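TrEMBL annotations:
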BINDING   A:124  Mn(2+) 2 binding site
BINDING   A:150, A:152, A:154, A:242, A:244  Mn(2+) 1 binding site
């Protein structure tokens, strides 16, 4: 088996070698890849504290600390599939709308080869052009399901007197555009003060299943994830992990921290509970290095990337 | 209804606008206010690492991130009562005793109008002049009850060979002065090494109910708060929240950190469990910005202020 | 004389009181003001590391450390003119072009009353809508001169395949639009690697006088400023101070640091050497708090604001 | 009783006085000491991010915050035994192998007097020369048991093509050398991605009991510690506490952080559950101050030192 | 010669060993000492950002980096005189006035043995009780001269409506009390905005020679120091070095930073220019570790301590 | 001309793209390269604060901010020569001596193709194996000259009782081994306290020309560099730039900071003054990211790399 392999930290010290995800080879030609780790350095959707444009670099930087095998499942994802770092999408830091098109185009290009993408964000608005790109390459899939870890529902309508494309609105747009099936969306970890008491009414009216942090605390990990699996079912789905689902003590490097969030060990177990789902695309978003502390948030993001990569590699193998 | 309202972060970006609590109007005339958010920039009671003199500024600074409605109760406090930022009390950084008088005077002045105060500290010694000010304006209340979140009992007698007024002594003084009824005080989260094995004997002898972090871990949130409500009863009480009740990973910006503390999501649930109590005054103290990391502690303090404000606004409405 | 005065740090401690510039009153009605300190929380023009949207807040936050009189000239600007903090312009963090219009409108509104503005940025693109606003209110002035402290000429044409409005292009646009007279522009402190060897040819072709850091080192402060005064002449001019003119050891909190810059004490003397010029508007830009270290850059910006305010207050008095 | 006592923070402020552990006297002559707090400033075993050479200084620096009595057991260790800071072992930062000998020699010298050691590391490789030093002074003990808190098993064989002495290998060497009895070793908190799927097979084959973080979460504190006590039995044992057993949000200042770890309050309870065991030596390791945030990790290490000191002081008293 | 010697960093690594100044022995009995390095952990005189209470610890912590010989003069101070760390003065963090007495008492006690003191502050108010202590032990000296490096004159009268003892007033008090001869005081580096235009009139009226930063820039190092020597003459004098004389880029860890200050290499040359003066006491003050960045300010303070120690050791030898 | 070119920050945003030096292609095959940018992630020579093992990564990380043309000479080095990032040398973090061999081997391998190296360190000991590697590939050159910017002479003999290979000894070894011609070595910026008064006697006895910081201040830039050129002559020479030649306010991220150093703008001019010298190899060393502040030191190192690269590219073109 000669799939691309990450450098081994017991041979090449972790502080040396290339700054790609897990020090995997960088391969821009998606035809040689099953799962492409794709940087999306974009944060023009951010309404307050920007910074996720720097996320892909810093997540890659710390990812040399990840070793090749999963500690619980013992899965070695780079032995199951051809995994590589496919570099960054183009973006234009001076033009939000053009950037959305650039991201969509690159995703569509990759997905057209049959490769899947696991994106390193970027703010949460990037999920929209990624979903558009998937849909463009695979319209046959129709609206797909989604497991969504976040403090915020991100289904607001507009900001600042009419802005329809911000990191608070991607999933409203995605539902409106038929990219996602709201009845197969589950949102986990939602919390924080509200713009007004009717926030999230629209999402609930569409059928989105919102599991607040309070409900999670009452249910526990197992029941929460059983509910999540019930919602998304067993057809292809997307996984989006906003690091602000975590408590800001763990993930301070993010733009809209809300106290009282998940612990990483809870999040790890929740992601592992998705094993076996046909997760055909995913992203980890809202890592804002200028607000990070000692790269803690980037380290969590890199580890969660690896957790998700393990799921996707297994799903890829069992794909019909 | 034309009560003062905070600026809306979906209209005016959160990084813009005035630096008042939640970007509410600043109104110094307490007759126009039901609940006054009152800065108390004072830390001369600190025995080791000072800094809370800078607390009110930084709590206000980050508070623009708070939205107007509570995520669980859906309460919008600024629609229930006239809430405003009433500015800072005067203090004298070169004179501890005069500062205590200045704080007491300003609190008494506000409370004399019938307004309530929710204070942004400041070190924990500020609770003493606040309680004195309340008592001066409302001597009819007599000794009141108190819910006290903290790592420390703050009922020591003296420091440094006779110093009676430090942040380790306010509640001993308040009990001695008849401001608090020790039998209606509950202290939650107490932990950390002791000056000697008899620490807290005095407090327990007075009838103060001390729930250590260990007892809390054994009881859980619900039983802890049932006990707290049993202790304080249903007559007027004060709520004081020392951020060092929290684990220092969450709240590093404080002068006397003790490892092994509460998580913010536990503290939020505990505060919410006080809903319905006649909380007529409160403070959030011991935020020391020079020791904070990325404003994490100020963010927690601002959020806890909002949690408490929701309780007080409801209590204010139902006040006989 | 009852002009608005800043709070006195020898009476109200510097850590207390309102977070306005120098703790001056906030007065949004420009008819009551001669010189308005105007926040412009905008950074959508930033091509790499954003953050200046947070600049006005943090500059105001540290400005309480400024006392009322200038140490060399003994000028007390708030005794010469009605100076106040006029708050922030509206901006839309999701729409660059709309933000430019919002800034221009607010500036035009203030300038229409006859008041002058001294802006707290914001990235350097804000100078463009400010100059437009001035021009709209005072078209009679025609193209004006400018003293420009910066590491970069900011006269590039486009970025990212056509973006005409970034913080690297404002003065090209301003010259093209007839807002500035290139023959009366002097740029001081220019340095740093170039996109290519022909950078700044356009500016020089227009007649802009560029004093690189190397030329400054050769000339010294006095000759540099004599040249600057020669260029701008004695008609109304604008002053723009990009904190990246300073060496990043002094001003790390900025988006495009270039090593080898000015020292603050040099910059102070250079600004003082402009005494007597009719500076009718100014800005201090590119303070990016997420990249700042201990608020050092904000402190410099606040102090430079004060230096410039002293010049403008004197110019205002002697205005014909 | 005239045992050495720490300075009292209610008399001498915590920011004053000597920088020894708990501000105890420094006594290098081990004959005057029952339990010696021993700095081991060494980190040449570190394979990625070094720094623990600075650990002893910073742990001592923050340890002035520890008071003399344990909050739960009320034990005052310095009243049960002669406890002192015995200073640092010699080390040679340019010679790994010589450093190991220097550490072993100093430990053997101390232990030869009958005194016990509680070491402040240093990276985890220091446990090896410490165990060698104990064994040299007390060969009669034979292979001893060990309670080991860590994210990593530290039983790898070699790194970098043959390096046998790194912080990833100490316990393999110690087992091979007959210093530890693998059947009496319990490792708690193990987690993180693996070099390959067979990691830890060797350890398990030797009979080491590995309790992963996942098993801990399933078992809870009480069952985990019952199992730990069952494994180590009631004969003399060593306790080693690697701060990376904790989640990096709590203990960021370490070289190989793994997300998803223990909370300090859990670790405290687990250590307390060892009360009564004959713990005759211990260390707290892997505090890397250059990566620490606000001394948080050093504070945890100091507190854990105190927890362990209380256990050792009681064990010392009951020693036959 | 068996004077106490610092540990040698080429033998004992700089990260190891005791945390005393230069890792000299700590000797509290002043009769065994010629020059005592004396910590004064006090900051109750601070009007804004406190923190110098932590200064002595952190200056000592970094001082292990100082080697024993001066690079220019080749002086080895610990070979010229018996130099030792004499520990900290007592202070009471809850009582400003008592602290002043405690400091004075300890200084008087040391000076009564004939030993000289070089103090590690502490805020600038500590100079007052130190001068009182010197005067009490040596009233025969009468009012002495002083070389004073600072951004501020520290000769204000009162703060906050009457506070006479703050870090802005020590030298007014010292002149009033006859401890200093104003005609033999020179202040170097003075700058920063003024409370009002008459600040420093009192000092100048007393005959104090104030060399502002602007005058220093015009004069250069040599002429400035010639003037300084002219002012203080050749009789015994005190040297006080406030780290805020330096630009805050170099010394950020201080309470009242003023931009535009001295560079350390200038300050070093200026101190060296005092060689031969009978400097019989000195202090380095206003190091505020909570505001420091990477211990930069503490490192400067430690190095300046060493520069001054070299001067004092030579002066001690030549003392009649 | 199709030499490898760096990505253009006006097309691909600087926060995107590969993390190589200047975002040049990574080309490990030296036959395709004229000047190879070579990472040397090694710091086992460090006697106190380690960290330069992380230097190459962070220098590359920030180097995306460098544009392609030199601001003064207008040189575009990547148009004069084939410049590429050749990756990192192997190192073994657990074996100092093996690491030296690994570095030497890789350098010799590159130089054997005729390519030159510009190394990103790494601590200063790396200069020794680099010089060995050059010498092995080009023994015909004989002992070469060297321009050496540093606070320290690095010509000590041994540390810690016999350690001959540390970052304080490389140039003593290189002179002893005949790699360098001491009469053609100039050291600039030397300062800081000395182990004893005879430090540097050996170096001066060999004929090394040491220009201390004091002498530099007296001479000025031009005379200093004239002297430097006189010493090294016009035959091939090496350039080594230790970032601790700079004042720690500019370059805090280094292991042995000495206050009072060079300013970057001085260093830039000094390097430019070497234009025309046959600099056939160079390194920039002692960047210790764990001690850096906001990547300031890495930014300086990247810029100095670019300055040196411009010199080397010109020298390469004119090479006979």
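Including glycine, each Cβ sits where the backbone N, Cα and C put it.
TrEMBL entries are annotated by machine, without manual review.
Small disclaimer: the values here were computed from a predicted structure and weren't measured.
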Residue A:244 (Mn(2+) 1 binding site): tally of other CB atoms within 10 A of its CB: 28
For the Mn(2+) 1 site built from A:150, A:152, A:154, A:242, A:244, further residues of that chain with CB within 8 A of the site's CB center: A:124, A:148, A:149, A:151, A:153, A:167, A:189, A:190, A:245, A:256, A:286
Binding-site residues compared (A:124, A:152) - the one with the fewest other Cβ atoms within 10 Å: A:152
Chain-internal residues near residue A:242 (Mn(2+) 1 binding site), provided their CB is under 8 angstroms and they sit 6+ positions away: A:124, A:148, A:149, A:150, A:151, A:152, A:154, A:254, A:285, A:286
Around the Cβ of residue A:154 (Mn(2+) 1 binding site), the count of other Cβ atoms that are within 10 Å: 27
DSSP-derived structure type at residue A:242 (Mn(2+) 1 binding site), helix or strand or else coil: strand
DSSP state at residue A:150 (Mn(2+) 1 binding site), helix/strand/coil: coil
Cβ neighbour count (within 10 Å, all chains shown) around residue A:150 (Mn(2+) 1 binding site): 25
